[in-house]
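Asker: I grabbed these lines from TrEMBL:
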COMPBIAS  B:1-14  compositional bias 'Polar residues'
REGION    B:1-22  region 'Disordered'
TRANSMEM  B:57-86  transmembrane segment
TRANSMEM  B:107-126  transmembrane segment
TRANSMEM  B:146-169  transmembrane segment
TRANSMEM  B:181-200  transmembrane segment
TRANSMEM  B:206-231  transmembrane segment
TRANSMEM  B:243-262  transmembrane segment
TRANSMEM  B:316-338  transmembrane segment
There are 2 protein chains.
Amino acid sequence: MLKDNNTGTPSTPSGRIRHRKRSTEVIPDASKANGNRLLVNDQSKYKSMLIRTYSTVWMIGGFALIIYMGHLYIWAMVVVIQIFMGKELFSLLRKAHEDRQLPGFRILNWHFFFTAMLYVYGRFLSQQLVNTVTSDKFLYKLVSWLIKYQMVICYFLYIAGFMWFILTLKKKMYKYQFGQFAWTHMILIVVFTQSAFTVANIFEGIFWFLLPASLIVINDIGAYIFGFFFGKTPLIKLSPKKTWEGFIGASFTTIIFAFVLADIMGRFQWLTCPRKDLSTGWLHCDPGLLFKPEYYSLLGWVPEWFPWKEVSVLPVQWHALCIGLFASIIAPFGGFFASGFKRAFKIKDFGDSIPGHGGITDRMDCQMVMAVFAYIYHQSFVAPQNYSVEMILDQVLRNLTFEEQRALYLKLGQIFLDRQFGQP
Amino acid sequence: MLKDNNTGTPSTPSGRIRHRKRSTEVIPDASKANGNRLLVNDQSKYKSMLIRTYSTVWMIGGFALIIYMGHLYIWAMVVVIQIFMGKELFSLLRKAHEDRQLPGFRILNWHFFFTAMLYVYGRFLSQQLVNTVTSDKFLYKLVSWLIKYQMVICYFLYIAGFMWFILTLKKKMYKYQFGQFAWTHMILIVVFTQSAFTVANIFEGIFWFLLPASLIVINDIGAYIFGFFFGKTPLIKLSPKKTWEGFIGASFTTIIFAFVLADIMGRFQWLTCPRKDLSTGWLHCDPGLLFKPEYYSLLGWVPEWFPWKEVSVLPVQWHALCIGLFASIIAPFGGFFASGFKRAFKIKDFGDSIPGHGGITDRMDCQMVMAVFAYIYHQSFVAPQNYSVEMILDQVLRNLTFEEQRALYLKLGQIFLDRQFGQP
């Protein structure tokens, strides 16, 4: 039995089965002892691969079904994943002995968790609801009221938790309790930052959620396969099972897939149209220039040998390349971070919910880094192109009363006048 | 020499001098031994009081000067306080031995600190700048560009720090490094959440920053004085020097001061007008109904005995009561939290920047809780009265080009025309 010299724990077969996907099982000691032994030659590993493949296929199938069902269901999936992650992470640094002396201390975590949920989603939900229920005056007022006071409600829920924490501080447990308090907050930030961005992406068009998420999965699988068959050179000390061969192979795979997938996904209005309310029906929209093909004529020698004269590219495919680049170069650092963390606290996996993969959190590490990037990228480089007049007009007609609309109109007119005559 | 039984450290005279303001030195053991001994009878404490009073007067004087100088200077003061707090808190959980083996690890903290600063203030600054420089086409475009890409820039600065952290992880130091990483993030959240809210308050009108901040100071001083002269009954185990007498006396003082101060501050346009740009000149505005006196006629017997027939109240004074209530009941929990934290990590003070008070952080604990509340309160119960039109106008002027603004104006006009003649 090999000893994993970095964690100091024996890596039993069952332990290995639960290794992370991008891992390539080139354990430094072993590779020194046996020369550059490839994983592909290690027969005992095929069983592990089978289990992983099996659960991967199931996950992808379920995922596709949810995508087909639409925005609200994807959102629900995100919430479920979040709750599982919260569960895994909350119990990670918990000490049973200390907890027994602190009744109700675990509930406090969930109090903060659901307060954060109310804050992040309440905000988002009510904005969408306003769009959904404009026809009903009473509901409209109710939702407007909720939007208006949502911050106060969440703030007081938070403060209640904060006071609860302080009033239940127990002598000799201070350090443990403050540690747990900080840990809870770290979890909430990590889990909710990413999920807030993810949900925002979904409603900008499933495309902006699906493409980044798929690319992370493809990069994971790519690294696993390339590492499995060619992995020799260790990539990073932190995570001795990752190899340069896996990393580079996966990068090329991911970038190619990014370009191809964007072309395919870009053809479905279901994926490209934004959804501005909470309805679930079919979507129709003008997807905009980004999703209209541009034609590039090919160089002289291609038409001579092949029956193609020009190639059509959706402009969004260039954006997809940037996202693919990020997914293959920077997002893996999310995985390194998680590896380092697990090493620091001497744990193998964050949980055991998915056979062959570990916990949900183990599968989400890079996804989290990616979701934030995808959102910021979309907001900064994609969305502004169709920001503007129509959007603001929409807001004006939706959120202002007739009198307010008129007031706005008059003020604008005044500003133009001032500007024309050079007044401040 | 008395033994402080909760921290287990002997409380030397110099240690006591640096105790927190609201403390009242009724150490449980001592009070049991000597009967209900009041602090006012303890002659050795007057020197400590003198030092505190002296630095308090200096602080209040400097503060008043800064208020007089205006919004930008108050902002600068907030930034300076922030940097000091960062310095105090960063060094708190640091271990010299570990740090010597991790060159550059301290810089990483400041990298994250200034990234957070760029994020929070860059966002705010550029919005104000847009209003300041609308006359200059080039600057206007530059600032618009900065607004547009600020998120991307900050994100990549953050990611750079994140990758730096991962690549400098060192074997056997993992746990310390991850601990420091989490601690850094906690500090950034605490320090920047509150300062972002504080700065927002300042520009809504100095009133909304000055009143809450003053009330915390008044509550602190009130608790100190009432505790000093009457303090007997311990309030909370966490902080054995706080007493119920101090707490209740301070509450009444704070609420009365809230009502009176709001009346005084409400009369200065310098304090009540919002500032929408970065200019520093004098402010004129219509402060709105909140700051216009309402008259209440007094009950029958008062005019009989006194020469008053009615009393004038600014509506904002009722809001001030709510803020005073929060400052005296809930904000002190910020202090309890800090006490508990110091106890958990066995430290006396967060620093020693202010003679008689400890570190800057020691003076800011309740201020932080207060600033967030003041902002949320203002946004939810005060601002909405002139919400909407102003906000959308802001958006229009900031995000649209001149041509787009005109297009919006024309479309709005068309819609009104259609509406008038009953068209859809």
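Note: Cβ is positioned from N, Cα and C throughout, glycine not excepted.
Note that the structure is a prediction, hence the values are computed from the model and not measured.
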Asker: Given a Cβ distance threshold of under 8 angstroms, which distant residues of the chain, six or more beyond its ends, lie next to the transmembrane segment (B:107-126)?
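Answerer: Residues 79, 82, 86, 90, 143, 146-147, 150-151, 153-154, 157-158, 160-161, 164-165, 168, 180, 184-185, 188, 192, 195-196, 199-200, 203, 278 contact the transmembrane segment (B:107-126) from elsewhere in the chain.
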Asker: Assess whether the transmembrane segment (B:316-338) lies in contact with the transmembrane segment (B:206-231), where contact requires at least three Cβ pairs under 8 Å among residues 6 or more apart in sequence.
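Answerer: Yes, the transmembrane segment (B:316-338) and the transmembrane segment (B:206-231) are in contact.
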Asker: Under 8 Å for C-beta pairs, could you tell me which stretch among B:57-86, B:181-200, B:243-262 has the largest tally with the transmembrane segment (B:206-231)?
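Answerer: The stretch with the most contacts is B:243-262.
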Asker: Do any residues of this chain, six or more beyond the ends of the transmembrane segment (B:57-86), have a C-beta under 8 angstroms from a C-beta of it, and if so which?
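Answerer: Contacts with the transmembrane segment (B:57-86): 109-110, 113, 117, 121, 187, 191-192, 195, 198-199, 202-203, 206, 209-210, 217, 270, 275, 278, 280, 351, 353-354, 359-361, 364.
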